[in-house]
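Asker: Shown below is the structure under consideration.
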Amino acid sequence: NLPAWNAQRKSGRTHFALSLPSTPGEVGPGSRAHARGDVLTLGEQPEAGSQGRQLPSGGPGVETSFTGVSPPQQTAMTPKPAGPPDGGWGWVVAAAAFAVNGFSYGLLRSLGLALPDLAEHFERSAQDTAWVSALALAVQQAASPVGSALSTRWGARPVVMVGGVLTSLGLVFSAFARSLLHLYLGLGLLAGSGWALVFAPALGTLSRYFSRRRVLAVGLALTGNGASSLLLAPALQFLLDTFGWRGALLLLGAVTLHLTPCGALLRPLALSGDPLAPPRTPLAALGLGLFRRRAFSIFALGTALIGGGYFVPYVHLGPHALDQGMGGYGAALVVAVAAVGDASARLVSGWLADQGWVPLPRLLVVFGSLTGLGVLAVGLVPTEGTEEGWGAPLLAAAGAYGLSAGSYAPLVFGVLPGLVGIGGVVQATGLVMMLMSLGGLLGPPLSGFLRDKTGDFSASFLVCSSFILSGSFIYMGLPRALPTCRPVSPPATPPPERGELLPVPQVSLLSAGGAAATRDTTC
């Protein structure tokens, strides 16, 4: 109405009317929808309880105010982290973890070939030189939680790259050793520390990239141990014969430097189960708080007991075959059969676990028990072999042990995301390796002590099998390790990246009758 507007302008007060759409769902004094067609008027006085905001003055004699309009709510546009890709770049990470496993555990297994040359050069006993590889293995296993903690704080990529450099420097430093002390420091401490920084972060990162195929991917990475042993053992022997132990260590230092590009392939991945901030204290970075969870404590105790017997056949299977009257080639064949069965079973076990037919804790109990029975069979089976024979019963027992032990290995790391959530899987991997190292360091010396007392390894394998069976029995306390008494409706569980085996609140289910709620119960 132009005449009315002119009259208002002459009086010195100007009013503007704006028609704004009301925001759905907003109620309250600051967003009151006016009765007259949702028209919000500039210049009218705020009512009691309303929230008005003065706008800048429009000039002399012009008074403006903004009444009844609340600032629009800002919607967060940050995309939520997605779940594990279950493929894609994850297969590149699997290949990197395969190489990391080969350049760490595979090389550690092959280093024993250099010990006789070291003993001859330094004129020391075999027991003294054996501490070189033993110290490297002990540092690599015991310091794995440190690698996990550093990876949690700064990411797996820089930690693994630094670990590759340390391992290479340790081997190069050892090539110029003038005493066994230099070897203890170079191979044992420096190279062992580098190996401690590479394995747990690489395997933990691999677990983050997979959900449905996680155990298969872990099993594929763990086969790097056996594959590299088959390749590095003859290659190392050739290097020793051609260049001597100093030249061999120099070349191994160049080979292990490939751990650095393997670490560069570990692309960081943000998942919905990750913590909002990195740990603030060293103890929190180590993941020691995971032991407050009942399921992880059960798993840790069972794994430590199994580690006390799991590594004994790795060390004493060959000497046991020799004690039973088999020749050198027959004993080597026994070890080879166990190694081939171990490597092949890891892939089959990973594929079987990923099908979801049987819960992972239940498979852990089954294959752990079969591993204990396999070690028991190796110690009790009668041997018909001689120096010219092959000892078929012992070969069969060694093959059965290799298949069961290989089936157990990927399940140990594959079950961790379900127990601690994807955000703590790197820390849990380091802690599990440390626990297995404690058992692994106690098992072989105990086995050797029993052999000295009894004259053979039969009692050693019996005791070690009892450790494995005891740990498998403790695994029965894990969630879903035992079948329920009757079928129940599936509980509401968080997604796998948040820990599908973690305890969840009891869910109330509405019955068909209406609002009466009944609880889903099990035996």
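Each residue, glycine too, has its Cβ placed from N, Cα and C.
Quick paste of what TrEMBL says about this protein:
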- 64-77: compositional bias 'Polar residues' (COMPBIAS)
- 90-483: domain 'Major facilitator superfamily (MFS) profile' (DOMAIN)
- 1-83: region 'Disordered' (REGION)
- 88-108: transmembrane segment (TRANSMEM)
- 159-177: transmembrane segment (TRANSMEM)
- 183-203: transmembrane segment (TRANSMEM)
- 215-236: transmembrane segment (TRANSMEM)
- 248-266: transmembrane segment (TRANSMEM)
- 295-315: transmembrane segment (TRANSMEM)
- 327-348: transmembrane segment (TRANSMEM)
- 360-382: transmembrane segment (TRANSMEM)
- 394-416: transmembrane segment (TRANSMEM)
- 428-447: transmembrane segment (TRANSMEM)
- 459-478: transmembrane segment (TRANSMEM)
Asker: So, does the transmembrane segment (88-108) come close enough to the transmembrane segment (248-266) to give 3+ Cβ pairs below 8 Å, pairs being at least 6 apart in sequence?
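Answerer: Output yes: the transmembrane segment (248-266) sits against the transmembrane segment (88-108).
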Asker: Is the transmembrane segment (295-315) close to the transmembrane segment (88-108), in the sense of at least 3 CB pairs under 8 angstroms with a sequence gap of 6 or more?
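Answerer: No, since the transmembrane segment (88-108) and the transmembrane segment (295-315) share fewer than 3 Cβ pairs closer than 8 Å, they do not count as touching.
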Asker: Which stretch from 183-203, 327-348, 394-416, 428-447 shares the most C-beta pairs under 8 Å with the transmembrane segment (159-177)?
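Answerer: Comparing 183-203, 327-348, 394-416, 428-447: 183-203 has the most Cβ pairs near the transmembrane segment (159-177).
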Asker: Could you check whether the transmembrane segment (459-478) packs against the transmembrane segment (183-203) - three or more CB pairs closer than 8 Å, residues at least 6 apart in sequence?
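Answerer: Contact absent: fewer than 3 Cβ pairs fall under 8 Å.
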Asker: Are there three or more C-beta pairs under 8 angstroms joining the transmembrane segment (394-416) and the transmembrane segment (327-348), sequence spacing 6 or more?
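Answerer: Between the transmembrane segment (394-416) and the transmembrane segment (327-348), which are separate recorded stretches, there is contact, as judged by 3 or more close Cβ pairs.
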